[in-house]
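Trainee: Pulled these from Swiss-Prot:
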BINDING   17-23, 45-47, ARG332, 358-360, 440-442  GTP binding site
BINDING   ASP18, GLY45  Mg(2+) binding site
BINDING   ASP18, GLU19, GLY20, LYS21, ASN43, ALA44, GLY45, HIS46, THR137, ARG151, GLN247, THR262, ARG330  IMP binding site
ACT_SITE  ASP18  active site, proton acceptor
ACT_SITE  HIS46  active site, proton donor
BINDING   VAL326, THR327, THR328, GLY329, ARG330, SER331, ARG332  substrate binding site
Amino acid sequence: MKATKGRNVVVVGTQWGDEGKGKLVDWLTESAQGVVRFQGGHNAGHTLVINGVKTALHLIPSGIMRPGVKCYIGNGVVLSAAKLFEEIEGLEKAGVQVRDRLRVSEACPLILPFHSALDVAREAAREQGGTEKIGTTGRGIGPAYEDKIARRALRVQDLKYPERFATKLRELLALHNHILVNVLGSKNFTFGDALKPYIKDGEVQFDAVYEEAMRHAELLKPMMADVSRELNAAHAEGANLLFEGAQGTLLDVDHGTYPYVTSSNCVAGNAAAGSGVGPGMLHYILGITKAYCTRVGGGPFPTELDWEKEGTPGWHMSTVGAEKGVTTGRSRRCGWFDAALLKRSAQVNGLSGLCITKLDVLDGLQELLLCVGYELDGEKIDLLPMGADEIARCKPIYESIPGWTDSTVGVTDYDKLPANARRYLERIEEVTGVPIAMVSTSPDRDHTILMQNPYAAQ
């Protein structure tokens, strides 16, 4: 008898990242047999809290915390082998089995030390030239994607062939060292401790990069795989898969607040291209959104509040929400919920349902403001514009909703939420036109309200 094909869910961030995707992916993996990362690199940070223990992941899919769940890093991810093994070793010290459950696509482009050097040097050059920084993490993500698009990247599969790897590495170093020294003036830069072992007189050294890559090659070989083939086979055999997005829709290189974006497509459609499955295998798109908005780094943010002034709503969000980046440690900018922004995210992702996270952070605020549109150059609009310049000119149009004083922390029954909290959530549904499937009421895995299970929804 032929097996029933599995049901697959895509989880994407709908704002500027940091929406709490890691917790929800971990929660959903109770119904999944495989979890897939399909874009980004170790610039993304996911925090999981299980039985009070906090775990931060950057590359490895969040499903690794569920025993028996297979984890896949798809071809759309740019891979730092050094950071991957750093993460693996940290998990193994905590008693988590990783290597026998992790598969890495041979088509992943590699992030190498010269990519990080380029990233750091470019941001420094922008700052010295008086240009606003993009706000990258400095981890080489953008330069690695540039090499991929230019068809010159070293990929995971190249690690299997040392001579070929060495030839391509010399070619890349000739190009990138020229840019570092002669265009960006790297001889005048002081690189951080992580890069110093690879750099001499502003240039990245071949031997240091090659020797480390060959050490990683031996460790990585048992995990190398044709991820596309494995995912399609698992689906055909009835496995449920979960595709885990990184960053958020408004950081998407095409649909975000360009140029203040990441270097990959963060939207749901890239789950197919970034892992090697057909779009027909993506059955439910779950959009994760905070009950307010945050953003790290530069770029327009229409509903931003003064989050540094004590006693203000923005300060409340920042402090109660512990709004610091998992990857960078930078403080996140905070602001009111933007439903017009979410409508844009719903449009480009084709959202099936929403998960609202950090509802508990809003406990105690007397009044909440909900952005339902903007005034742009004298005209009222109800959808986030495409261009960063236009977004910067948008003045939010707010609706006022009363806050609540009762705690929502740990609530798992929708009907037990304060009446005004339910009113707030219902208004978000009305304005965006997307049903709420789940609500998170603390970082803990079990503090989740379920209205519609994405794996059961039809």
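Glycine is treated like the rest: Cβ placed from N, Cα and C.
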Trainee: Which ones are near GLY17 (GTP binding site): of the binding-site residues GLN247, GLY329, SER331, which have a Cα within 10 Å?
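Mentor: Final answer, ordered: GLN247.
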Trainee: Of ASP18, LYS23, SER331, LEU359, THR441, which binding-site residues are close to GLN247 (IMP binding site), meaning a Cα within 10 Å of its Cα?
Mentor: ASP18
Trainee: Among the binding-site residues listed here (GLY17, GLY20, GLY329), identify the one with the smallest other-Cβ count within 10 Å.
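Mentor: Minimum Cβ neighbour count within 10 Å, taken over the binding-site residues GLY17, GLY20, GLY329, occurs at GLY329.
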Trainee: In whole Å, how far is SER331 (substrate binding site) from THR441 (GTP binding site) when you measure between their Cα atoms?
Mentor: 22
Trainee: Name the one residue among LYS23, ASN43, LEU359 whose Cα is closest in three-dimensional space to that of GLY329 (substrate binding site); these are the binding-site residues.
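Mentor: Closest by Cα distance to GLY329 (substrate binding site) among the binding-site residues LYS23, ASN43, LEU359: ASN43.
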Trainee: Going by C-alpha positions, which of the binding-site residues (ASN43, ARG330, SER331, ARG332, LEU359) is nearest ASP18 (Mg(2+) binding site)?
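Mentor: Sorting the binding-site residues by distance from ASP18 (Mg(2+) binding site), the top entry is ARG332.
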Trainee: Should ASN43 (IMP binding site) be counted as helix, strand, or coil on the basis of DSSP?
Mentor: coil
Trainee: In angstrom units, rounded to an integer, how far apart are the Cα atoms of ASN43 (IMP binding site) and LEU359 (GTP binding site)?
Mentor: 26
Trainee: Reported as an integer number of Å, what is the Cα distance between LEU359 (GTP binding site) and SER331 (substrate binding site)?
Mentor: 20
Trainee: Just the number: how many Å between the Cα atoms of GLY20 (GTP binding site) and ARG332 (substrate binding site)?
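Mentor: Computed Cα spacing between GLY20 (GTP binding site) and ARG332 (substrate binding site) is 14 Å.
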Trainee: For LYS23 (GTP binding site), what is the secondary structure state per DSSP, taken as helix, strand or coil?
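Mentor: In the DSSP reduction, LYS23 (GTP binding site) maps to helix.
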Trainee: Going by DSSP, give the three-state secondary structure for GLN247 (IMP binding site).
Mentor: coil
Trainee: Between the Cα atoms of LYS23 (GTP binding site) and SER331 (substrate binding site), find the distance and write it as a whole number of Å.
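Mentor: On Cα coordinates alone, these residues lie 20 Å apart.
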